[in-house]
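Beneath this line is the structure, given in C-alpha cells, with notes to follow.
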C-alpha cells in the first residue's frame, strides 16, 4: 500500500514478552512489505493483556489512527485466571471497535502452552503478526470505501 494518508497504532502486552516481541516483529515486517512507513506507525507497550483495551480506547478516541493492532499472548496456567483474561481482553477490544468505529485487530494469542504460542509467533505455524498487519491494512481500505457522511 503506497498511500501514506493513514496511521495505525500497535498496542503490545509486555507480559509473555518473548512471544509478543516476535508478534510485533511479524506485524512490522509485513507493514514494511506493504510500503507502510515508520512514521505511520505508533507502538505502545502495556503491562499485560488486560490493559490492552483501555489503551486501545484512548488511541481510538484520539481519532489519529485508522486501525489499532492489539498484540498479546495469554497462556493457560493452573488457575481460572486464563479464562477471565481472555474474556476481558476480547470483549474489551470489541467494545472499543464498536464504540469508536475504528478497526481493532485482535492479535492476542490464547494458547494452552508456550510451545503453541511460539509456534504462532514465527515458529512452524508462521507468524500471526503478518496476518494481523494484513487485516489492519484491509480494514483501513474497507473503512475508507464505506465512509458514512453525516448529513
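The backbone N, Cα and C atoms fix where each Cβ goes, and this holds for glycine too.
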Of 15, 91, which does Swiss-Prot put in the 5-amino-6-(D-ribitylamino)uracil site with 49, 50, 51, 73, 74, 75, 106?
15
Out of 79, 81, 120, which of these recorded positions is nearest residue 73 (5-amino-6-(D-ribitylamino)uracil binding site) by C-alpha distance?
120
Max CA-CA distance, Å, over listed (2S)-2-hydroxy-3-oxobutyl phosphate-binding residues 78, 79, 120:
23
